[in-house]
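Colleague: Among the features that TrEMBL reports, transmembrane segment is placed at B:6-26, B:35-57, B:69-90, B:102-123, B:129-151, B:163-185, B:197-218, B:230-255, B:261-283, B:290-312.
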Amino acid sequence: MLDLALANLLSPIVLSFVLGLGAALARSDLAVPEAVAKGISIYLLFAIGFKGGASLAEHGIDLKLGLTLLMGVVLSFSLPLLGFALLRLLSGMSRTDAAAVAGHYGSISIVTFVAATTVLADAGLSSEGYMVAVAAAMEAPAILSALWLISRGSDQTEMSADLWREILLNGSIVLLLGAFVIGIATGAEGLSRIESFIVSPFQGVLCLFLLDMGLIAGRGLRKADVLDRGAIGFGVLMPLLGAGAGLLASLVVGLSAGGTMLLMTLSASASYIAVPAAMRVAVPQANPSIYLTLSLAVTFPFNLVLGLPIYLTVAKTVIGS
Amino acid sequence: MLDLALANLLSPIVLSFVLGLGAALARSDLAVPEAVAKGISIYLLFAIGFKGGASLAEHGIDLKLGLTLLMGVVLSFSLPLLGFALLRLLSGMSRTDAAAVAGHYGSISIVTFVAATTVLADAGLSSEGYMVAVAAAMEAPAILSALWLISRGSDQTEMSADLWREILLNGSIVLLLGAFVIGIATGAEGLSRIESFIVSPFQGVLCLFLLDMGLIAGRGLRKADVLDRGAIGFGVLMPLLGAGAGLLASLVVGLSAGGTMLLMTLSASASYIAVPAAMRVAVPQANPSIYLTLSLAVTFPFNLVLGLPIYLTVAKTVIGS
Amino acid sequence: MLDLALANLLSPIVLSFVLGLGAALARSDLAVPEAVAKGISIYLLFAIGFKGGASLAEHGIDLKLGLTLLMGVVLSFSLPLLGFALLRLLSGMSRTDAAAVAGHYGSISIVTFVAATTVLADAGLSSEGYMVAVAAAMEAPAILSALWLISRGSDQTEMSADLWREILLNGSIVLLLGAFVIGIATGAEGLSRIESFIVSPFQGVLCLFLLDMGLIAGRGLRKADVLDRGAIGFGVLMPLLGAGAGLLASLVVGLSAGGTMLLMTLSASASYIAVPAAMRVAVPQANPSIYLTLSLAVTFPFNLVLGLPIYLTVAKTVIGS
Amino acid sequence: MQTHDAKRVEITIEQVMLRRLTEALETADVTGWSVLPVLGGSGRSGNWSRDGQISRGTGMVQVVCLIRPDKLDALLDAAFKVVERHIGVVCVTDAQVLRAERF
Amino acid sequence: MQTHDAKRVEITIEQVMLRRLTEALETADVTGWSVLPVLGGSGRSGNWSRDGQISRGTGMVQVVCLIRPDKLDALLDAAFKVVERHIGVVCVTDAQVLRAERF
Amino acid sequence: MQTHDAKRVEITIEQVMLRRLTEALETADVTGWSVLPVLGGSGRSGNWSRDGQISRGTGMVQVVCLIRPDKLDALLDAAFKVVERHIGVVCVTDAQVLRAERF
Ligand SMILES: Nc1ncnc2c1ncn2[C@@H]1O[C@H](COP(=O)(O)O)[C@@H](O)[C@H]1O
Ligand SMILES: Nc1ncnc2c1ncn2[C@@H]1O[C@H](COP(=O)(O)O)[C@@H](O)[C@H]1O
Ligand SMILES: Nc1ncnc2c1ncn2[C@@H]1O[C@H](COP(=O)(O)O)[C@@H](O)[C@H]1O
Ligand code: NA
Ligand code: NA
Ligand code: NA
């Protein structure tokens, strides 16, 4: 496992992240323009969705698909409750902030998922193509749990059908699922046509994206004084607990080692797109610096550098490859 | 032909367009940043121009080149007259609006052309490399016809040498023709150097562009109440008439089946770059919602989904492949 | 050599530059969005740094590395003194402007360096991988010389630790060196993973970047009346002198023909990123139109079109390939 | 040249709230506005920048409305309901406009 | 700090008309302005957004000119000739500037 | 709706000077501002455009600060020290703001 951690640490992807992190901490003016970052993120979502769909089309629909989706939704709903309890225990932040943070950990980080698929590929493991759909299914339910936790505290939250539409139709869910469906519809033949766009250069593009994630995480760390020690501990402990829950869920369903690692990763990762946007609208009184810093500057790096090799080792050990 | 239409419908390119269309109609916030859309469009123009030039360099200058260019210019000049008459017949829009719309249909849509080249490639057909130059030649003449139609109605229009310079030197014409000339100058050897940039990933990049076109078309459709029923009918009928005119012109010149399909496509497609800009400057009183919606939200989808397979079938039947 | 110059002139890269130049001079509205230009520049810096590092990792650290770095720093420090003397001789511009311009010529242009590596690759020559690090090392020292020249004239300049941090940590240095280190760390294996992103499409991406450089140079030329004849002469003469100094330095170190050509190119090229920014902060009274126009619209095109084949021929003749 | 009294209202607000704001403006019968991008800024909740922004949750925009003076109160009421619990600032200046019939 | 009376003129205009506007400003002897991007907006001709814009025909920008008060009329006349038949709005506010010699 | 007197200060400055300006603002106890991109412009040192900009040396931004009137002098002093030797313009207008406690 140490070997694996080291190999992971020395991958261009992780090193690109570290470069961005270092540059931001040293206050370099290195920056990726917003439009470019958004463009790359569209590319990644499209590619990962499409490849998932094409792989599903090739290997046939698995009977476990429905069950895994269900498990994903259950995880997304329940992990915030666990997170909330843990945060109240470890950190002194307000109920509202704690609930908002917890919501992020029930949802998922798609870049962490993408990084996990490249780690899997390097390890020569395959996984169920529909894990992409599971990722999409896990984005939103956690928001509901967070809002329920907040409303229990009788704090005001603004929740409307309108906001729900906004959450469920947010660009990244739509693009991921849409590309997934296109992948299913066009299958191996469709993939072969755009392979040299979405497969071959994928890891290189991911490097640039992780460079940017590093810059963002580094800028976040420079504001990390909004986090008390308990909160930082949470940012490291929660992914491990989440991954554990993901492992259990995977055992119930009976996923492959690759699929298990991906479900652990999804459970371990914290949202930085869908959930923050929903929180800003529904719970403006929650401090965005807290949840964004925890998610982007603590948990994301932890998962990328240490989490992924851990989840892979555990998955391989428990499931066998 | 039904097979062909279905295969076309299930290509990643068309499905990406449909995804964008659906996302916009469902009011998802999925959006491609303006800078990214412009960057992709620069890529597509450069690639298509270069490949046309390189193919011309390889197959030698064709004696029909001059004649085809002439035919393109004639089509671009005359199709607006046909379009204007048809619009006055079908729709209740004002003379000025009708003339402005008609101008768009004499000019061309370069993405439709690009999509047509990939349909051709899938069908294993080749075409005259200089069709790219014909596309460029067809961009501007239609504008003159539209302005003539408008000035006849004694409405004011502002036409100056200055505006002409602007139209003829607009970025997309310059880039397309410039890349075409570079392709001729560097030939197969130049192409081999940048092939893995402009050839292999081309279809994939086109998918993302069509995703964006779908989003734009979808947003347009949400405003489609500016169009009366006659106008919408025009948006579907006019491309078919245009394609017919293109077919005749092609028979006069004696193009290959591939070239015929491309000339039909050019004639059938409607501008959304050069002509709207010229209209905004010269005929500000014409309503841009009408011509942009018709061109982007009616005719473009029609051509992409149904038009292209029709034009291909007709071209193959009439010319033989 | 004439052959070489012609071959260079007809490369897609140079022709793309010429296209941009022509478009800008003809006042076309062709433009590359700022975000796209920055995105491409991030790609080029990352790719060139990474490839340099990977090549170093493969061929082993060369004992000459340290000496070459030292030579680069010495060149960067001393070329501005030469440039300043020459400018005072040739042109009527003020001391401050002359010093600011001279500073640009001690520093380097990374795109010229990138173009030189593709010329080398076409010529089948290899070079020391660490030349990328030499490029980074040459960026900043020239700024110090320029500021020293200006302060001697008792003009005010604002120089602070803060500004130094800014210069040394400017985005392009950090990215270039960071990618270089990542390349060293991950070596051939890392390169193989992202090869189809940073190697195969490289020349094509470079074409688009040079298109943009051409647009910028062309817009600059339209303002070229800020330059007197002597200044323009300087813009052509100075690169040749710089290349000569680079050649001498290379002979002292004993670089390969490829490395020699690159060191000549670095010495011959003029900065348009790090130095202008530093000058704006430290010497706002120096006219940016003068130094940007000379660097981008005179020296850059000269190097790209004529300089590179000259440097290559000289390097091959003097060193033998 | 003939000009007419007007108010220029500038509302700096989180991008996620933009649609809600413009809907509120429409309800208050304000039909003209322009949205300008904001690159970054600073306020009571710290400073931020749009660089490399990937989260949809942050980032602000500026909405500029030119209106007839008598519509100001309706506009401010509408805007206030949206920004009330959210971060952001509202600034009103006296202005003169051409072509008053447009407002 | 010493400030001087000035006018701040803000012209929101279609991007395709920008060059014509700045040429008219130069003719009217106005030599200083800044152009700001507009992301989207709403007016009598409906609402629009810059997202995914590929047509050059749409999209607006804002031109801000600070001028000496006595130059206002010349500026407005020049601007009006350009915007007259086009969509767009012009807004003038009283302002104070530093370094009056620049205007 | 209750509004409060304020000043709107708009500083157009080179992007390379932005950090220095905001640091100066903080020193002058100004804690709220927004930065807007500028696409291009014209002034005594000629005209420029952000298109295809690759040099970090050029390009401007606009910093908008809303402040209580009594803080104006401190702000202008701070801003002036930064822009003094640099190109750029400073413009102050009278304004009204909601939620005065924020300024
Ligand atoms: N006084 C101000 N002047 C201009 N913009 C401000 C001001 N205060 C806040 N802002 C903008 O509004 C955002 C949120 O402010 P706040 O609610 O104070 O955190 C800031 O990041 C700025 O972009
Ligand atoms: N009252 C207004 N306040 C601010 N911007 C406006 C206003 N009216 C129009 N605009 C801007 O000008 C554009 C065209 O307006 P119109 O000519 O009314 O369609 C709109 O899309 C807005 O960007
Ligand atoms: N009178 C003005 N009104 C608005 N912006 C101006 C004005 N003068 C200068 N600027 C802006 O400040 C930049 C530098 O001006 P200058 O220092 O006069 O060269 C210009 O390029 C404009 O973006
Ligand atoms: Na999770
Ligand atoms: Na047509
Ligand atoms: Na140099």
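Cβ atoms here come from the backbone N, Cα and C positions, even for glycine.
What you are looking at is a predicted structure, and each value in this text was computed from that prediction instead of being measured.
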Colleague: Counting only pairs 6 or more apart in sequence, are there at least 3 Cβ pairs under 8 Å between the transmembrane segment (B:230-255) and the transmembrane segment (B:6-26)?
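Modeller: Since fewer than 3 Cβ pairs under 8 Å link them, the transmembrane segment (B:230-255) and the transmembrane segment (B:6-26) do not come into contact.
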Colleague: Does the transmembrane segment (B:69-90) come near the transmembrane segment (B:35-57), with 3+ Cβ pairs under 8 Å (pairs 6 or more apart)?
Modeller: no
Colleague: Are there 3 or more C-beta pairs under 8 Å linking the transmembrane segment (B:197-218) with the transmembrane segment (B:6-26), counting only pairs at least 6 apart in sequence?
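Modeller: The transmembrane segment (B:197-218) and the transmembrane segment (B:6-26): touching, yes.
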Colleague: Under an 8 Å Cβ to Cβ limit, what residues of the same chain, 6 or more beyond the ends of the transmembrane segment (B:35-57), are close to it?
Modeller: 110-111, 113-114, 117, 126, 128-133, 172, 175-188, 190-191, 194, 197-199, 202, 205-206, 208-209, 212
Colleague: As a test: from B:102-123, B:163-185, B:290-312, pick the stretch that has the greatest number of Cβ pairs under 8 Å with the transmembrane segment (B:261-283).
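Modeller: Checked against B:102-123, B:163-185, B:290-312; highest Cβ contact count belongs to B:102-123.
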Colleague: Hey, which bits of the same chain come close to the transmembrane segment (B:290-312), Cβ under 8 Å, at least six residues off its ends?
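Modeller: Beyond its ends, the transmembrane segment (B:290-312) has Cβ neighbours at 1, 4-5, 7-9, 13-14, 17, 21, 93, 97, 100-101, 103-105, 109, 111-112, 115-116, 119-120, 123, 125, 210, 213, 216-218, 220-221, 223-224, 226-227, 231-232, 234-236, 238-240, 243, 261, 264-265, 268-272, 275-276, 279.
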